[in-house]
Every structure is written in C-alpha cells, then in structure tokens.
Amino acid sequence: MMEDHHDELGRADTREQGGLRPIPVIIGNVFGYTNEVSERIVSASVTANLIIYLTTKYHLGAATSAIIIFVYQAAANFLPVGGAIVSDALLGRYLMVTLTLFSCTIGTSMLFLTSLIPNLTPRDCASPTPLQLLVLCASLGLMALGASGVRPCCLAFAEDQIAHWDDGGGGGARKRRALRALFSWYYVSVGFAQIVAVTILVYFQDQVGWKVGFGISAAVMLCVTLVNLAASPWYVKVKPEKSVWVSLLQVAVVAAKNRNLVLPATRQGVRFHNAPGSRELVPSEKMRFLNKACVLGDHAASANDGGAASTSPWNTCTVEQVENLKSALSVIPMWSAMIMTFLIQSSSFGVLQAATMDRRIGTKGFQLPAGSVSIFEIITFTMWSGCYDRYVVPLLRRATGRRQQVLTLKQRMGTGVFLSVVSMAVASAVETYRIRNAAAARVDGGSPPGAPQAMSVLWLAPQYAIVGLAGAFSSIGQIEFYYAVLPKSMGSFVLALLFLGAGVASVAATLVVKTINVVTGRNGMQPWLSNNLDEGHYNYYYLLLAALGAIDLVYFVVCCYVFDERTLNMSLETAGDAKEMVEFQEASSEHGCGN
C-alpha cells in the first residue's frame, strides 16, 4: 500500500524536503548508538570490549560477563520489533528515531559515568554492590532501548526520502537506482561504523582508558542527536499507519474467535471479505483454518459491495491480511534454521583469548587491543558484502558459463550455515593449540596459568574471518530471501525477522553458557568456561557449537526441500504488482540477487 507522503503535522511535502540530501544524516544516525560514532558504533564497541570491562573493573567471572552481554544483545534485538510496531502505528519514524537517540545518549552517558565516578565500580577485588550493578544494567538497558527505534526505522526512513524524490520524468528509473545504491551503501556504512568501533574506540578504551573511550561514545551520541534535530526541516515525515504486526495479530484473534465455524468442503457460495476498491480475492487452501478470519457471515457485506464500512478488523479480516499471515508462518521454518548462525556469531570468547596472547603486529610493535580482534570478522563481512554482486558473481558466471545466478538465495543461506560450523571447528582447533602452548610454557618457564604467552593473536584471524564470511552469506541472503518471497506490504516484517532471530540466538546462547558451566562444574570440577582460560576447556565449548551447527545444517537442508516459495501469495498480485515484480527480477538478475 502506498503511503501518503505528508509530514506529521499534515502539511504537504515540498521540494525542499526529501531526496538524497538527508540520507547521509540518516545513515550517520544508524552508526550512532553503539560506542563511538553512532548506533552501530556504540553497540559494536560495547559488545567488542564489554567483557574486558566487566571482568577487570567489576570483577565478574567470564561466564557471568558473557551472560550479561548476551542479555544485552537479546534486548537490543528484541526491542526493535516493538519499536517497529510503535513507529508504524503510533509515532512515525522520525519521532521514533529522535526519542530513541535520546535514550542512546543517556545510556552511553551513564556508562561513561561508571568509569568516571569511583563509587560506581567496586574497589580492588571486591564484588559489585547491587547499586553498582543497577547503574551498569540501566545504562545497557537504555542503550538497548535506543536500538528499538534506530535499527528498524533508519533504513525505512531513508527510503521515505527517496520515495519523495522528484525523478524528473524518469519513470522511476532514477529512484530504483538510488534505492539500490542506498542498500549497498547502507551495508558499507554499517561495516565502516563497526570497523571504527572496534579499532579507534577500543584502542582508546584499551590504551588511554575507559574514561576517554566511553566519554568519546557519549559525546558522539550527543552530537548525532543534535544533528538529527537540526536536520529536521529537510526530512519527509510520513504519517504513521496501521502496523503489519497489528494486522497479523488481528487475523490470529479473529480466527480464534471463529474457531467453531465449519468451513464447507468447497468455496462455492462462501463470501470472503476484501478491502474497499480491491479485486474479489479468494484465500488459498493452505493453512485453511486461518480462512475463518475472512469469511463473511449473513450479518456483514463485502467491502466491494459497499457494506463493509462497519466491519471491524477485529471481527472480520480481509483476504490479503489472511494470506499475509500465511506467508509469514510459511517462512518460520527457514527462519528458525538460521538462528544457529546468529548464536555461533555471538558466542566466541575470542576477546578473552586475545588478552592472553601476543598482540604485537608488525615490525614496529603495534599492540592490537584485545577488544579489536573482531576486526577480522568485520573487514571480511564488509568486503565480501560490497564485492559479491559487483565482482564475485560476474567472475563465477564467466567461469561456469551460466547467465543465471550461480548461487540461489537458499544456497547462499546454506553456505552461511556451513561456514558457521567450519568457524567453530577452526576455533576449537586454535584454542586446543593455545592451551597446549600455555601448558608447555608453564612446564618450561614456570609461568602461572593465564599468563600472556608467545602465541600470536593472528592465530585467531582465520576463525573470525570465516565467521564474517558466514555472516555475509547468511544475513544478507536472509534479507533478500524474505524480500523475494513475502508480499511487498510486509517489508518491515523482514528486518524484524532478523532482529528476532538474533534475539532468540542471544537468549539461547545465555542458556547454553549457563547449562555448560552448571553441568561441567559439578563435584568440584573446573567448568569448561572457567575464569582462567588455561584451566578451562573453551575448545570443547566451540566443538559443541560446531556439532549443534552441523545438526542445524541438516535441518536447514530439510527445510529447503519442504519450502516452496512459488506457492506464496501469487494469487494476490495485481497487474501493477506483477509489473513491479518483473522489474525487480530484472534488477536482481543484473545485481546477482536471483532466487
């Protein structure tokens, strides 16, 4: 459904608003909630180095620190789903982004205060007090709340600006090119933000001090928030509409209300509710029980008969609403198969490993901060994302002689799952080698457990690079897959699926870590995830994740055989939708986004 491009005060759009001019500011705001330059910078730097801050400043154990980080990541991924609903249905994207930027700023400022005020962190080897933990968790909670608006709204907000752009009679071609460029540069910008976070910001935290590192983050967030306010006159502000999530909920509620309704074996004589001015559509036969939500009884007339003005969406839904929910439920198995990739990507204790290794790089003795070790993952992800469509796909086409896409979207997602398994197998092998080196150093030189060793931190580069490659295949493949198989009206549902997957993975990672330490630490035994890496068995932990990933890979293959995207919602396409689908497929063929 096309949105009416008026600002939130009801004024018509002017040529001074929208277009490409606000895009850099919007993408800049996506950077700004993490720990340095904007949303992604504040989040990336926090997650990159937070485990060091918790273990050294708050004297928490490695497993406890990891659980806190997983809970923070889960909140930062679950809350954007609610933020998308509130934005679409109540506040609008600009107001939602603005309010959550303030939340980010307050959260990063509180985190800065924990490093600045001595009473907010425990002394020497003491455990943190309830008040100290409360302030810490409140700061992380406010930062996660900030993610609820910035993450789901910024890209869609940028699309609003281009949708309003005067194409100069180009028939929409310039807008389509601008949208493709927007998506490409969006991923590059997010990657650049994360690189800044885990290099510059983490370097300041590690070498200069937590006060400076967190202080820079708070200052950047304040600047980003003020710039967003100053740029307000340039923005197109689309009025909020009914959220697709509310629409899906209505179908579930109405179908439950009508659960005792008996559907006839044939659809002959059955009347279904359709939106005003739309074609008379008939629901598909799959998930037939949901069709009860759009059946018209004797008391109501179809919208096309002009009698549906009194039909409440909480009593009778349209056929399109019902089919949208069917489409959403149809992709759930594929979505669930990708959760393990998120869990693996967030479950590495590489920062703690790096802290025990030789972090000097180059002949001049530059020392890589332990929190910056994920730079290998981010660089790989960013470079592969930027080069795949432009360089890799044409090379593969020439090598194979195939004009069509060399890898389908399912194959790209499956490649990501497979590489996730490989990354954990490599991580287990590297950690086994590190433990043996540490044991040999204790025997030969009498060094205590956990002491720095001569093994180079570059040994961790392969596992991080493979994780980055897995993320490039799985995450971007998922986005393009969902956009390809779901109706256009469910665009906001796509990113929400990714956030939900990452959130579920963080919760699962928390349970895995807690369970492993409880089970392996029985009877006075040293748990796998010991505070002292040399006395634990982090290699077994990585091996367990690799085994779980292998099981997930089999499950993914089964889902691919069962799922048939060709049956999704094809009956709901209008002539205009079909034309746009052809244009999308032609653009996808040019840019390597085929099904």
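Glycine residues also receive a Cβ, built from the backbone N, Cα and C atoms like all the rest.
Some features that TrEMBL has for this protein:
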TRANSMEM  58-82  transmembrane segment
TRANSMEM  94-117  transmembrane segment
TRANSMEM  129-147  transmembrane segment
TRANSMEM  184-204  transmembrane segment
TRANSMEM  216-236  transmembrane segment
TRANSMEM  335-355  transmembrane segment
TRANSMEM  375-393  transmembrane segment
TRANSMEM  413-430  transmembrane segment
TRANSMEM  464-486  transmembrane segment
TRANSMEM  493-520  transmembrane segment
TRANSMEM  540-563  transmembrane segment
Same-chain residues at least 6 beyond the ends of the transmembrane segment (540-563) whose Cβ lies under 8 Å from its Cβ atoms: 330-331, 333-334, 336-341, 343-344, 347-349, 410, 413-414, 417-418, 420-421, 424-425, 427-428, 431, 512, 516, 528-529
Per Cβ pairs under 8 Å, the stretch of 58-82, 94-117, 216-236, 413-430, 464-486 packing most closely against the transmembrane segment (375-393): 464-486
Folded-back contacts onto the transmembrane segment (58-82), same chain, C-beta under 8 angstroms, at least six residues removed: 43, 46-47, 50-51, 121-122, 125-128, 132-133, 136-137, 140-141, 143-145, 147-149, 151-152, 245, 346, 349, 352, 495-496, 499-504, 506-507, 509-510, 513-514, 517, 527, 529-531, 533
